[in-house]
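Data first, discussion second: the structure below is written as C-alpha cells.
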Amino acid sequence: MNCRFYLLFHLLSLLGLFSLITEAKGSSFTKGSFTKVEILQYRDEVKNLFLETMDNYMSLGFPYDELRPISCVPKMRNVDDIEDVITNDVLGNFTVTMIDSLTTYAIMGEKRRFEELISIVRETYSNGFDIDSIVQVFETTIRIIGSLLSSHLYASDPSKIVYIEDYDGFLLDLAKDMADRLLPAYLTNTGLPVSRINLKKVFQGIPGNIIEENNVAAMGCPMFEFTLLSYLTKDKKYEKITRYAFDKVWSLRSNLDLLPMSLNPQSLQIFSIITGIGASIDSFFEYALKGAILFNDSELYNIWVESYRALNVNLNSDWFYINGQHINGQLGTFWIDSLSAFFPGLQVLNGDIEDATLKNLMSLKLWDTFGGIPERWQFQSHQNSGDMNNDELLKNIVPLEWYPLRPEFVESTYFLYRATKDPFYLNTGYRILNDLKTRFKYNCGLGGIQNVITGEPQDRMESFVLSETLKYLYLLFDEQNELHASRDNFIFSTEAHPMWLTPEVIKDYKVNGFFNDTRYENQLKRLKDNDKRFLENVRKKGKASKGLIGLVKSLFKEYNNDETSDLSAVEFDENQYINKNVFNLSCPITPFMQSNKNDGESLLKSYLLSNFDRLFEIDYRYNDTLIKPAHLKEYRPIELEDDFYQLWMNPRKSISRPASSTESFEIAIELEGNYELTKYKNGSVYCSDLAGRRRIRIEKIQAGSIDTYGEVVPGKTFTNVHSKDVTSSSCDLIAESYSHAILYRATSIDGIPLPSNGEILISKGVILSKQENIEGGAKSSKLLDLFGLNQDDQMMLDCIPIINIRFI
C-alpha cells in the first residue's frame, strides 16, 4: 500500500495537481516535473528570446553580418587586414545573421516574420552576392547556401506551416548564385578546394598564405549542400565536383582508416597529423552518414561505417574520443575541444545510444565545471601541476578558454531526448535556457564567455547562436513541432538547417539531370585523366596503400572495362571493401530509453538519475582537471538541480558504482583478413578470428579487489583455472608450479564496452582452418602464436588466462 500511495502521489504531482505557482506568466506547475504546461512555457521562453534577439539585430545590426550583444553596435569585417581570417571568414557583408536564422523562424512557425525576412533578402540581394569579400568556402556553404536551400524547401512545401503560395523559387536561385561563386575554389590540380575565395573577384587579391592550408571537413563537406542543390536544380555539376573532392579526401586516409586534420589542397602536403572528431574534421563524419541517409547513397554509408569503426578501434576512450596520430592511432594531444560535443547526436542517428550517452555526459560535466564548454579542455594535468596554484592550474587545463555559445552540447542533448525521452535531458535544457537568460543575456543579444576561468564576457554573437543553439533548444521543448510528426525523412545539416527530398524530386533528378558546364566538365576530365595515369603507376608497382587502393576501386566505375582490364596485377583484397556494419542502424532498444520500462515506478523516474551507476564516475576520474573557477563556486551541477533531483531520483536505486581498485591496460592486434564483429543482445561479441585491427582493454583482477563494474571479485573465480597451453609447451612450467593469484578479463573491444558477464567469442574452427604448415610438419596460427589457449578454450596472455575471451 505504501508503494502504491507513493506512486499515486508522484503521478499526481507530475500532472500538476500538487503544484507550486511559478513567477512566469502565472502558470501553475511543479517545477522540474516537466508536464506539458511546463515544457510549453520553456518552449515559449526560447522563442521569445530568439525573437527579441533577432529584432535587436534587425534594428541595430542589419545590414551588417553580426550585432555585438553588449556594446549594441554591428560587428563588421576587418577591411584593413584581409589576413584577419578569424574575423573575415564568416563576415562576408552578406547579412549572415539574417540569412542563417531564416529556418529558425520556419521551425517556430513564425509565418509572417518568415515572409518578411524573405522579402528583405529579395530586396537586399536582387543582383545576387556580387560582393568584394574574401570568405571561407565551407562556412559560407553551411550558413548561407544551407539556409537558403532549407528556406526554399519550407517556402515551397504546401505541407509546412510557413508555406508561401506565390513563392517563385528565388531563394533557390540565390543559393545557386552563391554556389557558382564558390565553385571555382575546386579548380585545383587535385580537385580539392582551397579554403577561401573572393565572391566577386575569385582569386584576385587573395594572399597565398591564407589558402595554402585547408582542413578535411572544409574540403569534403560542401558535398552535402551542393548535392542537394543539384537535386533541386537538376544541374549535376555541383554534386559531381564536390563529391569528387569528398571521395578524394577519404582516399587520403591512413592504413588505419584515419584522416589527418589538414593539408595543402594543391600539393597534398600534410599540415596536421592529428586526427579526432572535433574541429577541422567533425563534419566529414557527419556528412558521410547524413549524406548516405538523405541521398540513399551506399558508398557514403560505407565511408561512414569504415570511418566510425576506425574511430572506435583507435580513439574511443570511454567518456570521449581522444585526438590521435592518423598514422598509428597513438595519443596525439591531451586535450579535447568543444566541437566534439556534436558527436553523440550523430551516434544517436547511427543507433548507438549507449556510447552517445557516455560522451554527452562528458559535455555535461564540463558545463557543470566551467558554466559552458571551453574551446579546449585538458583531460590530463601537467606533470608539474603539484607546484602550481589554482589560477596557474586552470590556465594549464583550459588552453583555449572561450565559449561562444556553441550549439553542439544542446544539439546532442536534443537528439538523446528524442531517442530516450529521459527527462534528464529536459532538465539539461532547462539549465541551459536559464543560463542564457541570466548569465548570457545582455542589452542587445546573447554573448558567450571570453574566458571561462575569469568569467569575462564575450561581446560577440555568432550566427550559429540563433540558427543552431536556440533552434535545438526550442525543438527540445516543442514535442508537437511539425518536424517531429513529419514523414519527410528530414536531416539536419551541420548548421541545423532541415533538409529533405521528395520522391518526385529524386526521380526528376535521376531522369532529367544534366551536366553541360564545359569549364567543370573539362576539370573533371583532367582530374580523371590524371587518375588514369595514377592507376597505371599502381599497376606497374603492384602495390599501394589502403587509402590509394580505395581511390583505385572508386575509379574503376569511371572507365570502361577494357581500359582497366590490365589492372588485375594490382595487389589488393577485394573482400576488405565488403560492407559489414559494426552496429545496427535500426535504433536498438536499450535501458537508456525511458519508454522501455515495464513497471510504473520506472516510468516516473529518470533512468540516468536512478539506474545509471556511473553518473558521477567522471567527477572522480578527472577530478584533477575538472576544477571549478572561483566565480562559479556556487554554481550547482545540472544533474543535482534540487527540484528535478527530488522528483526524478529513485532513492532505492540511485547508487554510484564504487571506484575500481584494479589495473587495466590495452592490447592492439592486427591480423590479416576481414574485420567482423557481431554484438549480441546480452552484450557479448562474436569475432570469428579477430582479423583486422583490434583494441582490447584487459583488466587485471585479484580476489577481493573491486573490479571495473564496481563488484568485489569473488575468490571462486580463481578455482579450477588452468594455465597449460594446449597449443605449445611454453606455459608448462608455470602450469605445474603456480596457482593463479591474478587473472585477466576483457572489459571492452574496439571501443565497445562489455558487461560484467560479457564475453568475446572466437570460432575455434575458423582459427584451426587458417593454420599454416611450418617446418617439421607442425601447424601454426598467427593468433595462437601471439596468445595461448588453455583446456577450457580460454585465450591466454603470458600464460595467464583471459577468462572471458573464449574459443567456441
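Cβ atoms are placed via backbone N, Cα and C, with glycine included.
The signal peptide feature in TrEMBL is assigned to 1-26. Annotated active site, proton donor per TrEMBL: Glu139, Glu375, in sequence order. Annotation comment: TrEMBL describes Asp282, Glu408 as active site. If you look up TrEMBL, you'll see Thr494 marked as Ca(2+) binding site.
Annotated features, which come from TrEMBL, shown on the structure.
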| residue | record | CB count, 10 Å |
| --- | --- | --- |
| Glu139 | active site, proton donor | 20 |
| Asp282 | active site | 24 |
| Glu375 | active site, proton donor | 20 |
| Glu408 | active site | 25 |
| Thr494 | Ca(2+) binding site | 24 |
Query = Looking at the active-site residues Glu139, Glu375, Glu408, whose Cα is closest in space to that of Asp282 (active site)?
reply = Glu408
Message = Please identify, among the recorded positions Glu375, Glu408, Thr494, the one with the smallest Cα-Cα distance to Glu139 (active site, proton donor).
response = Thr494
Message = I need the CA-to-CA distance for Thr494 (Ca(2+) binding site) versus Glu375 (active site, proton donor), whole Å please.
response = 18
Remark   = Glu408 (active site) to Glu375 (active site, proton donor), Cα to Cα, whole Å, comes out at 12
